[in-house]
Each structure stands twice: as C-alpha cells, then as structure tokens.
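What Swiss-Prot says about this one:
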type    : residues                                                                                               : note
BINDING : Arg86, Arg96, Arg117, Asp201                                                                           : substrate binding site
SITE    : Tyr124                                                                                                 : site 'Important for catalysis'
SITE    : Lys170                                                                                                 : site 'Important for catalysis'
BINDING : Asp201, Asp225, Asp229                                                                                 : Mg(2+) binding site
BINDING : Gly258, Ala259, Ala260, Phe261, Asp262, Ile263, Ala264, Gly265, Lys266, Gly267, Ile268, Ala269, Asn270 : NAD(+) binding site
Amino acid sequence: MTFRVAVIPGDGIGPELYEGSKRIIAKLIEKYNLDIDLIEVEAGDVALNKYGEALPRHTLDVIEKADMILKGPVGETAMDVVVKLRQMYDMYANIRPAKSLPNVQSKYPNVDLVIVRENTEDLYKGFEFVTSTGVTIAIKVTTEFASKRIVNVALNYALMRRRKVTCVHKANVMRVTDGLFASVCREILKGKVNFEEMYVDAAAANLVRDPTRFDVIVTSNVYGDILSDEASQIAGSLGLAPSANIGDRKSMFEPVHGAAFDIAGKGIANPTAFLLSVSMMLSRMYELSKENKYILASKSLENAIIETYKSGNKLTEDVGGSAKLKDMVDEIYKYM
C-alpha cells in the first residue's frame with residue numbers, strides 16, 4: 001500500500017523545518033523503497049489570514065483522503081487546527097516519548113519512557129457551565145470504552161519495550177471517574193506486564209526524583225497533558241519532544257514545541273522534534289503494514305539523530321552548539 005501523508009508545514013519555524021527535512025525524508029524513501037506520497041497543505045495562522053479559516057476546505061479535502069498527517073508547529077490557531085483534527089478523526093491516543101539525548105544537559109542522562117494519554121475525554125471534553133454569578137462547573141467524563149481502548153494501547157507499547165506499565169490516577173479522591181479508569185487498568189494489565197498504580201501527585205514527584213523507574217505510563221487526558229510536558233523537560237528539553245496522535249482511521253505526528261516566531265527565518269531552529277515525529281510516523285506505518293522497511297527506516301532516522309548528538313559537532317544553539325538548521329540536517333543525513 002502507498003501511504004498518503006498530508007503535510008502541514010505550519011507557521012513560524014515550521015516551514016523551514018519541513019523544507020530542511022525534505023532531503024532526509026527523500027533519502028529514507030529512496031534507501032528503503034518506502035511507498036509514501038507527501039502532499040503539502042495549508043493550515044494555521046497563514047491559512048487564516050489568507051482564507052479566513054485556519055483549516056480551509058481544500059485542506060480538509062486532502063486530509064480526508066490521506067492516511068496520516070505530518071504537522072509542523074502552528075501559531076495562535078493551534079487549538080483550531082490540532083484539537084479540531086483530533087476530534088474529527090477520533091485520535092484517541094496521545095503518545096509522548098521522553099528520551100534523553102547525548103550531550104543534552106539534564107540531571108538524568110538515561111531517561112527512556114513513554115506516556116500514553118487518553119485524548120478524547122476527561123475535563124477536556126469541554127463541558128463547562130456558569131451556574132450562577134461567581135459559580136462555574138466542569139464535567140469530568142470517563143467511559144469504560146475509552147479507558148479500555150487507551151489501556152490496550154499502553155499494553156502494546158509495554159510489550160515492545162521493558163514490559164512495565166504504571167497506571168496514573170487519583171482514585172482516592174475521584175472515586176467514581178478515576179476509580180473506573182483504575183479498575184480497567186487492573187483488569188487488562190495485571191498478569192500481562194509488570195503493573196503498578198500511582199496517584200498523579202506521586203507520579204509527578206517520582207518523575208523528578210527518578211524518571212528511570214518508569215517505562216510506560218498510561219493515564220487520563222488532563223494528568224497526561226501535564227505529566228508529558230514534565231517528562232519531556234526532565235529528559236532534556238520540551239523543544240526536543242515529538243508526539244503522535246493515534247486514531248484507528250487517521251493519525252497525526254507533530255513536534256511538541258511551538259512556532260517560535262522570534263527565530264523564524266533565521267535558519268537556527270532545531271529539527272530534532274520534527275524529525276523524531278517523522279520517525280514515529282514511520283513506526284506507525286510499520287504497525288499498519290507489517291512491512292519491515294518502515295521500522296528499519298524509523299530506527300535509521302532515530303539512530304542518525306542520536307549519533308549526531310553523540311558527536312556534538314553540529315548542534316544548534318538551543319542545545320549548546322553553534323550550527324545552523326542546515327548544518328544539523330546535513331550531519332543527520334551523513335549518519336544515515
């Protein structure tokens with residue numbers, strides 16, 4: 001099968017990240033004979049100014065026919081783009097790896113964990129009300145269906161990794177909603193992996209104390225949103241973190257960092273998070289096709305990034321180097 005990928009270059013540094021990464025993606029396609037068709041589309045602040053919509057109809061038409069979305073950072077319209085696409089295509093699993101890179105200053109040089117976050121429910125469902133002057137209410141939604149779905153995703157990740165899952169919740173206080181999530185975790189995970197439960201406040205503390213104790217963390221939407229940013233920063237920098245939004249019908253891959261308008265056009269942006277998102281996309285292609293060439297390409301790209309950091313010769317300013325975006329891309333290309 002040929003994977004059709006809708007590419008949203010985005011705003012700020014987004015277009016130059018994609019432009020700089022094109023030769024690496026082309027090299028992977030050529031070297032591993034990958035069946036990938038990349039289609040550039042417009043979305044974000046630029047699209048809003050041009051068409052009056054952050055996600056114009058012609059963009060949605062292309063995305064509808066695509067298998068995956070590769071997205072650069074967008075600016076003020078991020079919610080209009082990211083949240084809308086997540087909802088439209090039921091991208092229920094947010095996957096956030098947090099992994100240390102060589103020569104990146106961090107208290108912990110050996111962090112390697114994945115946070116699997118439920119992406120459709122919880123307080124982020126958006127059910128908020130003003131009941132009277134000075135009084136507001138939000139509804140926290142937890143269903144057995146969504147809980148089982150995300151816990152099974154976490155199980156699959158754990159079986160490919162170190163076979164440990166930490167279920168993070170606050171069932172001692174949220175006894176009904178988090179209680180349901182915790183019971184689903186026990187039902188699915190006990191006996192299949194090294195399983196533990198942890199209250200979210202303890203998890204936040206333990207990530208700071210010793211992040212190496214974690215392998216796969218599975219949790220609900222709000223807790224996952226907070227913990228994943230914490231974990232990325234502990235591993236080195238939020239600016240180096242990739243992410244995936246996985247759905248059965250369509251998935252989206254994007255760097256966690258923002259559009260960084262202050263450095264846009266200067267050629268000094270770090271391509272790491274964008275390229276690691278490409279690696280995650282290739283891994284998803286392997287999951288769907290079962291063709292080894294996609295996972296080989298994914299690992300090749302990740303290893304080239306790691307080797308670039310090991311050498312330390314061509315790193316951008318944000319990670320202590322003096323290289324330009326093009327220099328770092330050339331170095332990654334060399335290690336491929």
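We count from 1, first residue shown onward.
Glycine residues also receive a Cβ, built from the backbone N, Cα and C atoms like all the rest.
Note that the structure is a prediction, hence the values are computed from the model and not measured.
Overlay of Swiss-Prot feature records on the structure.
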residue : record                         : Cβ neighbours (10 Å)
Arg117  : substrate binding site         : 28
Tyr124  : site 'Important for catalysis' : 18
Lys170  : site 'Important for catalysis' : 22
Asp201  : substrate binding site         : 12
Asp229  : Mg(2+) binding site            : 16
Ala260  : NAD(+) binding site            : 20
Asp262  : NAD(+) binding site            : 8
Ala264  : NAD(+) binding site            : 17
Lys266  : NAD(+) binding site            : 13
Ile268  : NAD(+) binding site            : 20
**Report entry** Lys170 (site 'Important for catalysis') and Arg96 (substrate binding site), Cα-Cα, nearest whole angstrom
**Finding:** 21
Report summary line: When each of the binding-site residues Arg86, Arg96 is scored by other CB atoms within 10 A, the minimum falls on Arg86
Report summary line: The rounded CA-CA distance in Å from Lys266 (NAD(+) binding site) to Arg117 (substrate binding site) is 34
Query raised in the report: Reported as an integer number of Å, what is the Cα distance between Tyr124 (site 'Important for catalysis') and Ala264 (NAD(+) binding site)?
Result: 31
Report task. Round to the nearest Å and give the CA-to-CA distance linking Ala260 (NAD(+) binding site) with Asp229 (Mg(2+) binding site). Result -> 17
Query - Recorded substrate site residues Arg86, Arg96, Arg117, Asp201, farthest C-alpha pair in Å - result: 27
Requested in this report: Looking at NAD(+) and its recorded binding residues Gly258, Ala259, Ala260, Phe261, Asp262, Ile263, Ala264, Gly265, Lys266, Gly267, Ile268, Ala269, Asn270, figure out the farthest C-alpha pair and report it in angstrom, whole number.
Outcome: 16
**Report entry** Asp225 (Mg(2+) binding site): nearby binding-site residues from Arg117, Gly258, Asp262, Cα cut-off 10 Å
**Finding:** Arg117
Report summary line: Tyr124 (site 'Important for catalysis'), DSSP three-state class -> helix
Requested in this report: Starting from the Cα of Lys170 (site 'Important for catalysis'), work out which of the binding-site residues (Arg86, Asp201, Ala264, Asn270) are within 10 Å.
Outcome: Asp201
Report summary line: Other than Asp201, Asp225, Asp229, the chain contributes near Mg(2+) (Cβ within 8 Å of their centroid) the residues Val200, Ala204, Val222, Tyr223, Gly224, Ile226, Leu227, Ser228, Glu230
Requested in this report: Going by Cα-Cα distance, pick out whichever of the binding-site residues Arg86, Arg117, Asp201, Asp229 is nearest to Gly258 (NAD(+) binding site).
Outcome: Asp229
Query raised in the report: Quick one: Cα separation, Ile268 (NAD(+) binding site) versus Arg86 (substrate binding site), in Å?
Result: 30
Report task. Compare the Cα of Arg86 (substrate binding site) against each of the binding-site residues Asp229, Asp262, Ala264, Asn270 and report the nearest. Result -> Asp229
